[in-house]
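Participant: Pasting a structure below so you can have a look.
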Amino acid sequence: QLQKEERSFCCPDCGKGFKHNSSLITHQRIHTGERPYQCGECGKSFSQNSHLIKHQRIHSGERPYECDTCGKSFRQSSHLISHWNIHAEERPYKCEECGKGFNQRSQLIFHQMNHTGKKPYECPQCGKRFQTSTQLVVHERIH
């Protein structure tokens, strides 16, 4: 844990402290909404250059993070880390309702809709409801 004196750069908006002035400047963009890094391909802008670099991989198709086990590659290291759970057969995300385990949080959230009956996506044409936006898009093709 950092000592208080090491966090000498303080955000005037929320009081959060930072060790470096550059970190404070980046943080302040949360409050100002400033997004100085813009994608030349699509115009989307970002508050941090690292976020722009990750985004640009969508356009370039670059997938620099490769799984040693199966060779599948990913745009972001966090996606590779989530993927590793598949090979490790780890299921760290447990459903409190039925105990079923999942290797990704998003899978657990989707599964939990089975218990709640929640269907947040509604067809504007006929009113039928769906658990996922993908299911709705597939359904809309019938109209």
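Just so it is clear, glycine is given a Cβ too, placed from its N, Cα and C backbone atoms.
Below are the features I grabbed from TrEMBL:
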type   : residues : note
DOMAIN : 9-36     : domain 'C2H2-type'
DOMAIN : 37-64    : domain 'C2H2-type'
DOMAIN : 65-92    : domain 'C2H2-type'
DOMAIN : 93-120   : domain 'C2H2-type'
DOMAIN : 121-143  : domain 'C2H2-type'
Participant: For the domain 'C2H2-type' (121-143), find every same-chain residue at least 6 residues outside the stretch whose CB is under 8 Å from a CB in it, and list them.
Facilitator: 110, 113
Participant: Summarise the domain 'C2H2-type' (121-143) by DSSP state, stating how many residues are helix, strand and coil.
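Facilitator: When I sort the residues of the domain 'C2H2-type' (121-143) into the three classes, I find 8 helix, 4 strand, 11 coil.
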Participant: For the domain 'C2H2-type' (9-36), jot down how many residues DSSP puts in helix, in strand and in coil.
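Facilitator: The breakdown for the domain 'C2H2-type' (9-36) reads 12 helix, 4 strand, 12 coil.
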Participant: Looking only at the domain 'C2H2-type' (9-36), what is the mean pLDDT?
Facilitator: 96
Participant: Could you give the number of helix, strand and coil residues in the domain 'C2H2-type' (65-92) as assigned by DSSP?
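Facilitator: Split by secondary structure, the domain 'C2H2-type' (65-92) comes out as 12 helix, 4 strand, 12 coil.
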